[in-house]
Amino acid sequence: MRQGYLFYVNRTDELVIDNKKAILILLCLSVCISGWSWLTEPVQAASPSTAIPNDVKARSYILLDERSGRVLAQKRADQSYAPASLTKIMTEYVVLEQIKQGKLSWKDPVRVSKNAARIDEAQVFLEAGEKQSVRELFTAMAVYSANDAAVALAEHVAGSETKFVSLMNQKAKELGLKGTHFTNSTGLPKWSYPDYPDVKGKHVMSARDVAELTRRVLKDHREVLKIVSHPRYIFRKGKKGERILLNWNRMLPSFAYAYKGLDGFKTGHTREAGYGFAGSAKQKGFRVVSVVMGTKSKTARFIETKKLLDYGFSRYKLVKLIQKKKAIASKRQAPVKEGESLSVPVVAKESLTIPTIPQENKHYRVQVKFAKRLQAPIAKGKVVGKAKILYDGEEIPGVKSVDLIAGKSVEKATWWRLLFRSIFGED
């Protein structure tokens, strides 16, 4: 089947290309002073809904597609607030990165310091001098939000919690979390600490940052779902001080607020923060990340999260709008200077799949941006432009552009061929 321009969704939610209905529209703009050539083509898909989830009672919230990053719903998502134990998502990420880099092992023994043993609130009652493995402490932190386990890991990784927090803030900067600043590894207020880390500033995160961080953890360390999805965990199993830890995430299977497809991620609560929850759920191949901050109770955070998840899964379906190694439109070419050929075929480096609303159409376009001067020689696979999906001419929040690459190599033309062109025009 040949490639067309308009796309629609069939009953199985797969991308279908209809040549009979395809309208070939090529808008070729001349090379302008800005240094770029622009081409835009229509794509039939669902438009972003202007509706918002029904009465989500939270200080701030966000719902986004885990794969593309597309924002499906949000409220005050960029406002920074105290995150409570949502902080530990970054603590988990830093530890996971250390393991990935070979600087740490799941089996490594961790000696608990007096400082870590004194940490209050949710805890597994670690004792000074006690040894536990990285995996045991990580699981206690991820499942039960154990603050003493978080501090013990922080001290083991960086030598002190203060130094570990520096790693957290460095990572937040690398990830572009602009509304985030950490002053400890747990999210606890200062009065809960016997010896607070020596870090200045307010301890805050935005709902958007929490969601983007959760996305990044899932992207880089998907295996963590095997840990955070435990409904319960036996800490110090078969040893003195054995404890059964129930996961604070009561949307997991077997709990009262269980939600189909939900397998993570983290709860949080302090007096200042209220009750928060970052969730991750997958249905029919469609995974979303949700965040609610500042709800009124430990049950309200799950009730409000359900509203967000129901909204996302009931309204949106995944559609592949750009296909890997395929032209955005048939015979799409990028102009080449001084090449054996005057143009080069262009294809998408990666696919782009985003959630859309099947009943709404004619709002999406693919915008193609080529560099003004593509000088031969050009190697196959070289990035020669960008493609992005627009809705009514506007960028879609959270959805990034896709690189366009040369579909074949173009060699530099010989001098006599260039001379011939200069005299007689094109070949």
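Positions of Cβ are set from backbone N, Cα and C atoms, glycine also.
If you look up TrEMBL, you'll see Ser85 marked as active site, acyl-ester intermediate. Under DSSP, Ser85 (active site, acyl-ester intermediate) is assigned to a helix (H, G or I) in the three-state scheme. Taking the Cβ of Ser85 (active site, acyl-ester intermediate) as reference, residues of its chain lying under 8 Å away and at least six apart in sequence are, in sequence order, Ala122, Ser145, Asn147, Thr186, Gly187, Lys266, Thr267, Gly268, His269.
The feature active site, proton acceptor is assigned by TrEMBL to Lys88. For Lys88 (active site, proton acceptor), the count of additional Cβ atoms within 10 Å of its Cβ stands at 25 [all protein chains shown].
In three-state terms derived from DSSP, Ser145 (active site) belongs to neither a helical nor a strand segment and is classed as coil. As annotated by TrEMBL, active site applies to Ser145.
Every protein chain considered, the tally of other Cβ atoms within 10 Å of the Cβ of Lys266 (substrate binding site) stands at 30. According to TrEMBL, the substrate binding site annotation covers Lys266.
Taken from TrEMBL, the feature domain 'Peptidase S11 D-Ala-D-Ala carboxypeptidase A C-terminal' applies to 316-412. Counting residue by residue with DSSP, the domain 'Peptidase S11 D-Ala-D-Ala carboxypeptidase A C-terminal' (316-412) contains 0 helix, 51 strand, 46 coil.
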- Message: I'd like the number of other C-beta atoms within 10 A of the C-beta of Ser145 (active site), please.
- Response: 27
